Amino acid sequence: METTDFDVLVIGTGEGGTTAAQKCAKAGKRVAIVDVLPFGGTCALRGCDPKKVLIGAAETVARSRHMLGHGLDTAATVAWADLMRFKNSFTGKVPAGREASLQKAGIATYHGLARFTGPHAVRVGDQELRAKQFIIAAGARPRPLGIPGEELLVDSTAFLELAELPADLTLIGGGYIAFEFAHLVARCGVAARILHRGARPLEHFDADLVAHLVTASREAGIEVVLGTAVTGIEQEPGGRLRLRAESGGHAADYSAAMAVHAAGREPNLAALDLDRAGVAYGPAGVTVNEFLQSTSHPDVYAAGDAAASGLPLTPVAAKAAFVAASNLLKGNYTPVSYGAVPTTVFSHPPLAAVGLTEAEATRQGLKFTAKSELTTDWFTARRLREPVSAYKVLVEEGSGQVLGAHLLGPNADEVINLFAVAMHAKLPARELQKLVFAYPTSASDIVYML
Ligand SMILES: Cc1cc2nc3c(=O)[nH]c(=O)nc-3n(C[C@H](O)[C@H](O)[C@H](O)COP(=O)(O)OP(=O)(O)OC[C@H]3O[C@@H](n4cnc5c(N)ncnc54)[C@H](O)[C@@H]3O)c2cc1C
Ligand SMILES: NC(=O)c1ccc[n+]([C@@H]2O[C@H](COP(=O)([O-])OP(=O)(O)OC[C@H]3O[C@@H](n4cnc5c(N)ncnc54)[C@H](O)[C@@H]3O)[C@@H](O)[C@H]2O)c1
C-alpha cells in the first residue's frame, strides 16, 4: 500500500472543502483533497444550482399563468428534456473545472471513499494518506426514515436527474425540498402532493407567512396534507406506490406514481470511521468548539453540513470553512460567528427570512413591534397578478434595530439580503427607511414595511 504525507487533508469537495483547501494551499501548506463523488459537492451538482436553473423555467410558467387574460393569451409550458439539457450544461462542467482549479492551486486530488484508520491516517482505496491536520467537510445525506419500503423513495439527487417526470409526485416531508420541488413540478403539469407529519410545515419560518404560502401552494394546485406521517411504502402490481400513513390516530393511504424523500438530511459521517481517529460526533455532526476544532482531536477541524455548527446552507458552509482553515493555519484566534443568515425557500412566490421569528423574539423576552400585512394589493404584487404576498418585520423597542424580517412575494429572495445588510451594519429601522431605493422595485417597498 502506497503511503503519502501531507500537511492538511480535506475530506469533501463541496463549498466547505474547496474553500478550506484553497485557503490552506495559499498559505503554503501541502494539501490533499478527496471525494467519493464527482468533484463539486452538493450545491453545485445536486442542490442549489441545478435546482435554481429548473426553478427559473417554472417561475416563467407561474408568471405567465397569472397574466393569462391580462396581456398574455398563452401560458408558457415546460419542455422537461430541454430544460434538463440546459441544467446539465451547468452541472456537466463542474467536476473537471473544480478539480483543475484545485490542482492549479497545487492541491493533490484523490477520488474514493475516505475512511480514518488512525488519528492521522486516512485510507482511500489502496492508498494511505497521512496528514498532520484534517478538515472534515463531508456534507449531509438524506436522513434514513426507518420505515418499510423507504428504498422505493427517490432522493433529491435522483429527482434532479429525472429524464421524465411522472404524472403525479408525492413529497414526503414539509421543509425546503418539499416546497421547492412541489412548486417546480406543479408548473410542469405534474399533480404534486406534500405529505407532512407536523401541524405546520417549514417550522423554522414565520407561522403566518407559511400559512399564506400554503394558501398559494394550494392555489397552484398542490395538495398540502398536514399532520400525516408516512409509515410505510409498498409497490403495487401496476408499478404505482402505496404510501401507508398515520393521521390523528387513524390509518391513511395514498397512491403515488413517484415519491420523493424530502424529510430532512443528516451529517454524512457514517463511512468515515471517526471512532478510529478519536473524533467525537453527534446527530448534528462533528462536535466542534467555537473555532470549529474537534473537541476531542485538536488536529481535526470541521465545517459545513458535516459540523455541528450553523445552518446547513451553502454560504454558511463557505464561511465556516474559511474560519476553520484560518484557525487551523494560525492557531485558534477567530471564533465562528455567522451573524444574521438570510435564507429562501424557492417556491413561487418565494418565502425568505433573516433573523428572529416573532415566536423566537417573544421566547427571548425581547421588547419589539411586529409590523405585518398582506401586500397582495400593493403595486409590486398586483402588476404581476401574484395571488399571495405578505411581510412581517420585527423592530426592537429602544434600539430601533431590525430583529427579523420575513417576506413572501415577488423578489423576496433578493430583497431579504437588504434586511441582512441592515442587520449586519446595525442600521436602525428609521435609517433604513430614509434610504432612497430605485422605483418601482420590490426593494422600494421596504420603506412601507418599517
Ligand atoms: C436539493 C438541495 C437543494 C439545496 N438548495 C440550497 C439553496 O438553495 N441554498 C443553500 O444555501 N443551500 C441549499 N442546499 C444546502 C447546501 O447544498 C449545503 O448546505 C451545502 O452544499 C453544504 O456544503 P458542504 O461543503 O458542507 O458539503 P457538500 O457540498 O455536501 O460536500 C461534501 C462532499 O463530501 C463528500 N464525502 C462525504 N463523505 C466522504 C468520504 N467518506 N470520503 C470522500 N468523500 C466524502 C461527498 O461526496 C460530497 O461531495 C440544498 C441542498 C439540497 C440537497
Ligand atoms: N433553499 C434552500 O436554502 C434549501 C433548499 C433545499 C434544501 N436545503 C437544505 O437541505 C436541508 C434538507 O432539506 P429538507 O427539505 O429535506 O429538510 P427540512 O429539514 O427542511 O424539512 C424536513 C421536514 O420533513 C418533516 N419530516 C421528517 N420526517 C418525516 C416523515 N417521516 N413524514 C413526514 N414528514 C417528515 C420534518 O418535520 C421537516 O419539516 C434543509 O434543512 C436545508 O438546510 C436548503
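Positions of Cβ are set from backbone N, Cα and C atoms, glycine also.
Bear in mind that TrEMBL entries carry predicted annotations, made automatically and left uncurated.
The feature domain 'FAD/NAD(P)-binding' is assigned by TrEMBL to 6-321. Per-residue pLDDT, averaged over the domain 'FAD/NAD(P)-binding' (6-321), rounds to 98.
Look at TrEMBL and you will find CYS43-CYS48 tagged as disulfide bond. Other Cβ atoms within 10 Å of the Cβ of CYS48 (disulfide bond) number 16 in total over all chains.
Using a 10 Å Cβ-Cβ cutoff, LYS52 (FAD binding site) registers 16 neighbours. In the three-state DSSP assignment, the secondary structure recorded for LYS52 (FAD binding site) is helix. Marked as FAD binding site by TrEMBL: LYS52.
The NAD(+) binding site annotation in TrEMBL covers GLY173, GLY174, GLY175, TYR176, ILE177, ALA178, PHE179, GLU180, GLY264, ASP305. Within 10 Å of the C-beta of GLY175 (NAD(+) binding site) we count 21 further C-beta atoms, all protein chains included.
Positions annotated as domain 'Pyridine nucleotide-disulphide oxidoreductase dimerisation' by TrEMBL: 341-447.
In the domain 'Pyridine nucleotide-disulphide oxidoreductase dimerisation' (341-447), helix, strand and coil residues by DSSP number 34 helix, 31 strand, 42 coil. For the pair GLY264 (NAD(+) binding site) and CYS48 (disulfide bond), the C-alpha distance works out to 15 angstrom. The binding-site residues recorded for this entry are LYS52, GLY175, ILE177, PHE179, and the Cα of LYS52 lies nearest to that of CYS43 (disulfide bond). Checking each of the binding-site residues GLY173, GLY175, PHE179 against LYS52 (FAD binding site) by C-alpha distance, the shortest gap belongs to PHE179.
Pairwise Cα distances among GLY173, GLY174, GLY175, TYR176, ILE177, ALA178, PHE179, GLU180, GLY264, ASP305, which the record gives as the binders of NAD(+), peak at 21 Å. Among the binding-site residues GLY173, GLY175, PHE179, GLY264, no residue has its Cβ under 6 Å from any atom of ligand 1. Selection of the recorded positions CYS43, LYS52, GLY173, ILE177, PHE179, GLY264 by a Cβ distance under 6 Å from ligand 2 yields, in sequence order, GLY173, ILE177, GLY264. Take the binding-site residues GLY173, GLY264: by the count of other Cβ atoms within 10 Å of each Cβ, the lowest one is GLY264.
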